[in-house]
Amino acid sequence: MTDLAASSPIPERRARSQAWWNAVNAWLLLLPAAVLLVAFTHWPILATIRHSLFITKRNGSEVFVGTDSYGAMAADPIFWKALVNNFWFALGTIPTSIALALIMAVWVNRNMRGRGFLRLAYFTPTVLPMIAVANIWLFFYTPDYGALDQLRGLFGLGGWNWLGDPSTVMGCLIVMVIWKEAGFFMIFYLAALQQLSPDLDEAASIEGASRWYTFRRITFPLLMPTTLFVAINAVINSFKLVDHLVIMTKGGPNNASTLLLYYIYEVAFTFQDSSYAATLTVVLLTLLSAIALLKFGYLDRRIHYQ
Amino acid sequence: MSAITLNHVSKSWGAMRAVDDISLTADEGSLLVLLGPSGCGKSTTLRLIAGLEEADAGTITIGGVDVTRLSPAERKISMVFQSYALFPHLSVAENIIFGLRVRRVSRAERDARLRRVADIVGLAHLLDRKPSQLSGGQRQRVALGRAIIAEARVCLMDEPLSNLDAKLRHEMRTEIRALQQRLGMTMVYVTHDQTEAMTMADRVVLMRDGRIEQNGSPEELYNRPATAFTARFIGTPPMNLVRQGDHLIGIRPEHIRVVTGGDHAARVKAVEHLGADSIVLCDIDGQPISVRLDGFSKVQPGEDVRLAWEAGHEHRFDPATECRLETSAREGRLATSAG
C-alpha cells in the first residue's frame, strides 16, 4: 500500500483532501445539535461540578474548598432521608405503574364496545398538570371531610390525617403518582401492541398455547423494548417529579416526604446555599447517568429489537 | 381419518358475505387448492377450517368429527401463514418446537423430532439463528418445519409462497408437494396463482365472490371450464373469449394457428417472445385474442394475419349466464363441419 502511494502521490493527495472535506461536512451537519447540547447540557453539568467544589462568600467571591461540601453532605441526615425516601418512592411507583399500564393496554387493545372511551379515561390523568392533580388528591386526603375519610366514615372509622402522618404520607404520594403515570405508560404499550402482528397470536393458538402462555412467551418478550423505555422514563420521573410536594406536603411532616430534587430546590432557593445545591445536583446527575449507562451498556444487548 | 368436509358454510362481515354457502370435500391425503382473485373468500374459508374464524352457518368436519365449534388447537391441524408468523425473538429451533413445548413433550422426544424435521426442511445448520437473520426462503422453511413437527394429519397453507421470488417459488412448490405426498397429509392450500394450483393440486376449488365457481381436477378446470370466469382465470395467457353474434366462444391460445387462408382476419397488436414459444396479441373484430406460437415468431405488430382453429377446440358459453353450453358445443362442431 505504501509502495503504491509513493508511486502515485497525486491520487493520494486527492483522496486525503476528499476525506478532509467529508469530515468538515460531517461536523457542519452536527454543529446545530452540538451547539445546543453543549450550551444547555454539557456546559451546565461541568459548571455544576465546578461549583460544588467552591463556596460563594457574601461579597460574591468564590473560595475553593475541594470536597468539603461532599463531606458535609455525607453528614447531612436530611440528605440521607431524602435519598432513602426517593428509593422507596421509586420502588413504590415504578413496578406498579408499569404493571398497571401493561394490564390496561392489553385490556383496551381488545376489540370491544366503548374502547375509545376507556382509552381516553385511562389517559386523562396524564393530560392534567401535576399541580391540578395534586390539588384533586389533596381533597381526597383532607382529614375528616376529604373523600377518603368520608369513605372511612361509612364504615364507622374515625378521621385520619393522611398527609400529616409520617407513616402514611409516602404511601399517599405513591398512589397518586401511580394514578398519574400509568395512563401515560399505557399509551406506549398500546402503540407497541398494535405493532405486533395478529398472525403471531393466531400461530400460537393453533399450536395450542393458552392466552397466558402466549402472553408470557410471545407478547411480553416482544414488548421488552417498550418496557425498558417506560422503565427508564419511570425512574427518571421518580427523581424529577416534585411539583406535588410543593402543593401537598412541602416535604413534611418531619421530612417524611422529602425527595432529592425537592431538597435541592429547598437548599438552592429557600436556604440560598447554591454550592451545596450544586453538590446535591452532582449526586442526582451521577444516579441518572448510572441508570442511562445500565440501559445502553447492558439491557439493550439483552433485548430483542425488531 | 383426516378428510375435511365443509357443508353449507357461510361467514359474513356485516352486510358482506365473505363465504356464501360453500360445500366441499378434501379427501384424505390429498392436496386441495382454494384458488381465486383477491377478496374471493378463499382465505376466509381456510381460516374457517383452521378455527380462526367462526362460521355463521353450516358444519365443518375433519376426519368425520364435527369441529365447527372447536378451538384451533382442538382441531389438531397445523398452519403456514402468508407472513410465516415466525416468533422474531425466538431461534429457529425454538420456533419449530414451540408447539411441542406448549404440549409438554419430553425433552428427548423434542430433540429427536427437531433433528428429523430440520433434516427434512434442510435447516439443520441454521437452528441457532433468529428469523431476522434468514432469507425469505429459509424463513419459509422454518414455517414449514413448525407445521410438520406437530405431525398433524391436516396442514393448512395460506398463500405460503407469495413472498418469494419466482425461482424460489418454483422450487418450494415442488418441495411442498413432495412433502405432502411423503407425509400423507391432507392439505388445503390457498393461492391466487393459478400456476401453483395447476401444478400442485389433486383438486382445485375456484372461488369468486364467496361462492364456488368450479370444483374439479386441474385438468377439468383447464379442459372443461364450467363458466367463462373459470376460462378467463385458468391458463397463461388465459382462454380467449370471443363474442360471435349471440354466442360466447372460448379458444385456448395454443389451439389457434396463424395460417394463410384462415377463417378469421386479425391484426397483430404486439408480440411477446418467451423463448420456447411466443404470444401474439391480435385484434379480431375489435376483440383482443392471444395466440401461442412455437418458437420465435416472426410476425410483426401491425401485420394483418388470418387465424384458424378446429371447431373441436371451441368452448361455448351462454352470453347471459356465462355458463358452459355442453350440447350446443357439439352441435356447433357439427354445424361447422357441415359448413
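Glycine is no exception: its Cβ is also placed from the backbone N, Cα and C atoms.
All TrEMBL annotations are machine predictions without curation.
Summarising the annotation, TrEMBL assigns transmembrane segment to A:20-43 (among others). If you look at the transmembrane segment (A:20-43), there are no same-chain residues 6 or more away from its ends with a CB under 8 A from one of its CBs.
According to TrEMBL, the feature domain 'ABC transmembrane type-1' maps to A:83-295.
Annotation source TrEMBL lists transmembrane segment at A:87-108 (among others).
Annotation source TrEMBL lists transmembrane segment at A:120-140 (among others).
Look at TrEMBL and you will find A:160-179 (among others) tagged as transmembrane segment. Using a Cβ-Cβ cut-off under 8 Å and counting only residues 6 or more beyond its ends in the same chain, the transmembrane segment (A:160-179) has close neighbours at 85, 88-89, 92-93, 96-97, 100, 125, 133-134, 137-138, 141, 143, 146, 148-149, 152, 237-238, 241, 244-245, 248-249, 252-254, 256-257.
With a cut-off of 8 Å between Cβ atoms, the residues of this chain six or more beyond the transmembrane segment (A:218-236) that come close are 90, 93-94, 97-98, 101-102, 106, 181, 185, 188-189, 191-193, 196, 200-201, 204, 209, 288, 291-292, 295, 299-300, 303-306. Taken from TrEMBL, the feature transmembrane segment applies to A:218-236 (among others).
Residues annotated as transmembrane segment in TrEMBL: A:276-298 (among others). Counting residues 6+ beyond its ends, the transmembrane segment (A:276-298) has Cβ neighbours under 8 Å at 45, 48-49, 51-52, 69-70, 72-73, 79, 83, 228, 232, 235-236, 239, 260-261, 263-264, 267-268 in the same chain.
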What else in the chain is close to the transmembrane segment (A:120-140), if you only count residues 6 or more beyond its ends and a Cβ gap under 8 Å? 104, 108, 146-148, 163, 172, 176, 179-184, 186-187, 241, 243-244, 246-248
